[in-house]
Amino acid sequence: MNMVKSRLMSRSTLSSTIIGVIPQESKDDQEDDMSSLHSIGTAAVVVQVTGTNWPRPSYTLLVTGLCRFKMETLLQESPYLVASVTQLDKLSEDFDEFTKKHGGDLDNLADNFREQAGKLVDMLDISIPVVAKLKKMLENLPSQHLPDICAAIVKASYAEKIQVLDAVDLNERFKKALPLLMRQIEGLTLLQKARKDRVGVEIVARKKGDPFGRPGNMKRALNKISTDFDDDDDADSDEINDLEQKIKSAHMPEHALKAVMKEIKRLKKMPQQMPEHAMIRNYLELMSELPWSKSSKDILDIEQARRDLDVDHYGLEKLKKRVLEYFAIRQLKNSLKGPILCFVGPPGVGKTSIGRSIAQTLGREFHRISLGGVCDQSDIRGHRRTYIGSMPGRIIHGIRLVGTNNPVFLLDEVDKLGKSLHGDPAAALLEVLDPEQNHTFTDHYLNVPFDLSQVLFIATANNMATIPAALLDRMELIQIPGYTQEEKCNIATRHLISKQFKEHGLTAEQLQIPVDSTKMIISKYTREAGVRNLERKIGAVCRAVAVRVAEGMSKSKQEKRETPKSEEKKQVINNSLPENLSQDATTMAHPPEMPICIDEAAIKDILGPPQFESEVSQRLVQPGVAVGLAWTVMGGEIMFVEATRMDGEGKLILTGQLGDVMKESANLAMNWVRANAKKLTFGNGKSLLAGKDIHIHFPAGAVGKDGPSAGVTIATVLVSLFSGQLVRSDTAMTGEITLRGLVLPVGGIKEKVLGAHRAGIRRVILPKRNMKDLYEIPNNVKGEMSFIFASQLEDVLNAAFDNGFPALPMEDVTPSKL
C-alpha cells in the first residue's frame, strides 16, 4: 500500500491526520514504482501508530476508512506523495437514501448479505474475544458498510479485494462481496465436517486396536479451503517455517527451545498486521542467531602465547604471568570457567590493548563494551519485551555479534558507571561477573537463562575507590602502576615509533629518532604513567618531518619538469669542465638530505622549550619547604608542601583545596610539634604560636587533595620552619602519622616511587611497614634510588635533614636503610 499524503512522516505528524491509501495494481509490484499505483483508493484518518526500531524499522498504522476517491494527478513524489483526488462516495449517507435511488432490490440484497454474515459469525468460536466483538459490531453496523467490512475479514485474493474496492455503486459492491462471503461459509462447513469425520475415524480405529488410522478427508478439505487463500499468507508461512528450522538447528538448551516453540505457535496464529507480530519475529530471530552451543577452539600453546605477549607488550610481567597461568590450567582442564580479571591503572598503560592481545593469543573473538557514563541497568540486562522498541542488553548483543559463547569481553571503564532513576548498572553487573551465577544469566529481553560461564571477562579501571565493594569483590584485581623511563624508551623503540611512521607514511630511510632523543622527549616533554603523551610527541615530530619530505618531493618534481629545457646548457657546461670537477659540482647541487636525524636542537625546534624541568633544587632553597608523594588516578606524583609564619592570633591556616583527612593530618602534625617543642629545642609549645599565625600551603590549588599520607611531610615542613634548617633537596617522603609520633603505612607505594623517579628524586623516606611493597618496584629503579624506612617521626626528621636533626640524638634513633 502507498499512502498518498503521508509517507516518511513522523508519528506526531501522522496522529489524527487524514491520509490517502492507494494499493498497487498487483501485489507483486514494487512499492516505490509510482506507475503501478491503482487509480482508486480510500481516504482514512490515522488512529494509532505502533512499531519498533530494532533490529530494523517496522511500523503499523491503525486507520479508519472514510470514503473512496479517485486519483486524478500526482503532484509530488518526495519526500511524500501528494495528489489531486475526486471523492467518489459520501462520508455519511443513510441506507434509506440508497434504497430510494436503487429500489427494493438493494434492500433485499442487503438483508441476504446480513443474514449470511451472521451465519458466518455463528460458525466461529464465540468464546474468542475478537469474534464476540465482531458479532456485536455486525448487529449494529449500517447496511452500506457490510460489503467493505466482510470483504476485509474473509479469505480472498488480492484481485478480488481490488474488485470490491473499485465497486463504487453499492448494488454492485454487494454483488462482488457476497460470493466471497458464501465461499468462506462453504469452506468452514467443510472444515467442521472434516473434523467430525476425523474424530469418528479415530474412535473406530481405537476400538479396532489400530492407533495409526488417519483419515484423509480433513487434509483434502483443508487443501480445498486454502486453494483461494492470499499468497501473502503462504509467503509468511514459508518464512516462519524457515525460521523454525533455523531455531531447531541452533541446538538450544531444552528450556530455551520450549520458550521459543511457544512463541512460534503464537506467531503462526497471529495476523501479520498486528504490531506484536514484528516484536515476536525479532525475538525469534535473535534467539536463533545466538551461539547457544557454538564455541571457538582455544590455542593452548604456552610458549607461543608467551612470545606473542612479549612481542605485543613490553613489561607488565605480573599481568602476563596471570594470563599464562590461565593458559596452563585451561590446557589441563577443558571445563575451566572464565576468570573475572580487573586491570587497574592510570590511563595509557595498555589495559585495553592487552585485552585484545589476550583474545588473539587464545584464538577467541574479542568484543569491547564501554561502560563509561552508563546509568541504566537495562544497558546490561536489556528491556522487557512489553515495551515498544525493546532490545537486549549489551552483553547479549555482544554475544550475538561475535557469534561464539566463549569470547573475550572487555568491560572498559567499569569505575565510571553511573546511577539514575532507571537503576544501578553496577548492581546488574553482579550477576554477570559472578562465576557462580553467570551460567544462568537472564536478560530481560530473552527471559530465558544464557550461559556466560565460558566468557573471559576483563574489566579496566583507573580508580578502585569508585567501584562498589560488592562488584570489586567479584573481580581479581591486577595493578598496572605505570612504566619507568627505561620501559617507556623500549616501548617507543619497539612499538610507538614504527606505528607513527606507518600512520604518517614515513620510512626509516627518511627519518631516524635515536635513543637519546627518545629519552629527552620522555624526561623533558612528558611526565605521565602511561605512554599516550609520548606517542603524541613522536607524532608531532613525524608531522614536522613529513612536511620537509613533501616539500623535497615537490622541488624534485619541479626540477624534473625544468630538466629538458636546460639539458643542452648543462651538457655544454659539463663538457667544458674536467671530469672530476663536473661530478663534484653535480653532487654539491643536490646534497643528500635523507635520512633526517632528530637531535636535541631539532626536538626543541619542533616541540618547543622543555615542558618539565627539575624544580626541586629551586624550591627547597629556604626553610619550610619539603617534597611529598601523592597517588592519583594518573599515577604517582611529587607534591610540594610550603609553610610560613607571620604575625597574627595563633591560627593555623590551610590552603590548596584540601580534604578533611588532609586537614586533620595538618592539625596532627602541628600538635605533635608543639607537644615535642622542648625535645626539638623550640622552647615552650605555647611560644610557637604566640602572636603568630602558621600558613601551610599545597601548590596546584585547582586540584583537590586528600588522604593521610602527607602527615610526615607536613611535620617535616613545620620542624624546618621553626628550626630554620633546609630539608634535603634530593629527598621525598610519604606516610601517615599518629598523635604519638608513629609512622603508619600507606598505599600506592609503587606509583609514588615511580613518580619520584620520573621527577628526578633519588632518595625516598617510607614507613617501615611498607618495606614489603618494594618487591613490585623494578630492579633498575631500585638500583638508582635509596630508601629510608621510618617507624617514628624522629626517624623521618633525622633522614630529612643533612647530617640528621641536631636536636635528636643519632644513636637513639637510627632509621633503616635500603
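Cβ coordinates come from backbone N, Cα and C, glycine included.
On a predicted model such as this, the values are computed, not experimentally measured, just so you know.
Pulled from TrEMBL, these are the features on record:
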DOMAIN    1-185  domain 'Lon N-terminal'
REGION    553-577  region 'Disordered'
COMPBIAS  554-571  compositional bias 'Basic and acidic residues'
DOMAIN    620-803  domain 'Lon proteolytic'
ACT_SITE  S709  active site
ACT_SITE  K752  active site
Spacing of the two Cα atoms, K752 (active site) and S709 (active site), in whole angstrom, works out to 11
Averaging pLDDT over all residues of the domain 'Lon proteolytic' (620-803) gives 87
Enumerate same-chain residues with a sequence separation of six or more from S709 (active site) and a Cβ-Cβ distance below 8 A; give 'none' if the list is empty.
G628, L629, A630, W631, T734, G735, E736, V746, G747, G748
Neighbour count, 10 Å Cβ-Cβ cut-off, for K752 (active site): what number do you get?
29
